[in-house]
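Straight from Swiss-Prot, the features:
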type: DOMAIN; residues: 9-55; note: domain 'F-box'
type: REPEAT; residues: 61-87; note: repeat 'LRR 1'
type: REGION; residues: 80-90; note: region 'Interaction with Calmodulin'
type: REPEAT; residues: 88-113; note: repeat 'LRR 2'
type: REPEAT; residues: 114-139; note: repeat 'LRR 3'
type: REPEAT; residues: 140-165; note: repeat 'LRR 4'
type: REPEAT; residues: 166-191; note: repeat 'LRR 5'
type: REPEAT; residues: 192-217; note: repeat 'LRR 6'
type: CROSSLNK; residues: K201; note: ubiquitin cross-link
type: REPEAT; residues: 218-243; note: repeat 'LRR 7'
type: REPEAT; residues: 244-269; note: repeat 'LRR 8'
type: REPEAT; residues: 270-295; note: repeat 'LRR 9'
type: REPEAT; residues: 296-321; note: repeat 'LRR 10'
type: REPEAT; residues: 322-350; note: repeat 'LRR 11'
type: REPEAT; residues: 351-375; note: repeat 'LRR 12'
type: MOD_RES; residues: T404; note: phosphothreonine
type: LIPID; residues: C420; note: S-geranylgeranyl cysteine
type: MOTIF; residues: 420-423; note: motif 'CAAX motif'
Amino acid sequence: MVFSNNDEGLINKKLPKELLLRIFSFLDIVTLCRCAQISKAWNILALDGSNWQRIDLFNFQTDVEGRVVENISKRCGGFLRKLSLRGCIGVGDSSLKTFAQNCRNIEHLNLNGCTKITDSTCYSLSRFCSKLKHLDLTSCVSITNSSLKGISEGCRNLEYLNLSWCDQITKDGIEALVRGCRGLKALLLRGCTQLEDEALKHIQNYCHELVSLNLQSCSRITDEGVVQICRGCHRLQALCLSGCSNLTDASLTALGLNCPRLQILEAARCSHLTDAGFTLLARNCHELEKMDLEECILITDSTLIQLSIHCPKLQALSLSHCELITDDGILHLSNSTCGHERLRVLELDNCLLITDVALEHLENCRGLERLELYDCQQVTRAGIKRMRAQLPHVKVHAYFAPVTPPTAVAGSGQRLCRCCVIL
């Protein structure tokens, strides 16, 4: 919309400044910047710090340099509560020091992928940003234990911290962190490959409010560490153990006996887990909603039977590469409360014993939205077609190898690839 000078002047006369500011508060960054170009009056209103409490620069990441962050911090000052610099690789320590000095009321800061920053940034946040509650340092690979020591001393209100792929972090950094930040509710440590069981012992001792913990690819973790977490963090609702290949049923037993509120469990590639462990888990964790059991190669239909009986809230289940699962297990799942009412996503890639019979059973899952069937060699196009006639809204992803074409005759038309079919 384009305003003439008369239109803009009329709006300014009819509406008080306070109401215009309120209207501007609902606009995104781009629209605010456009409004700032209308007139001097609107420039002042649009760039008022109260309109810039939440800023996400992800869409402009390639253009954001340090001076942009510095200018924003000077403009917003104490108004700014939430800033996302995700992917802004041009932003470094110096700019974030200026930001921290100017925006001392910041509560939510996303620095995911800001690879230039070092411990110096965390020192600045510790010194000036005591109200910080949410901090994402994903892939800030220069971050060390010194950062965690600084954060623990100055950011004691922290509730969410993402340190994924900060692979210099060790148990000493975790100990320093949790001693100061005892109110942590979510701690994401994906790819922190130096962490061992002792780090989890420190978390157990101090983080009793913890609700979400991600240990994906922390390959040194064993049952001992998971048992300690379970004994100290009874409020745990989401736990990712994918890629922790040393774990056995002892970890599932500890979860079942200590964490009844568990809703999300990711245990992909934990190939030592068996039906016995999942049986105990299912019988005690009735709130489970999402489970990733990809490549839990020892589980059988017995696990599905227990989940069907005891986990009525299950919405998403990955069984990819669980090659012992059969149509009978899918029958129990489909006939259960979760199958009838809750199940939305089911992944059965490379479940070689699954046939079209399983698809007939899944017709009972009226809420099913997505079904993965890649490399299920006994599933046919006809079977999928019959199921989709009953569940037309479901998205089925499958792959069928192309039929070997006859030898081409010289001069024949162009051959077409018909193997990649998404149904």
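Note that Cβ sites are derived from N, Cα and C of the backbone, with glycine treated the same way.
When pLDDT is averaged over the repeat 'LRR 8' (244-269), the result is 99. In the three-state DSSP reading, K201 (ubiquitin cross-link) counts as helix. Packing around K201 (ubiquitin cross-link) is summarised by its Cβ count: 18 other Cβ atoms lie within 10 angstroms of its Cβ, all protein chains included.
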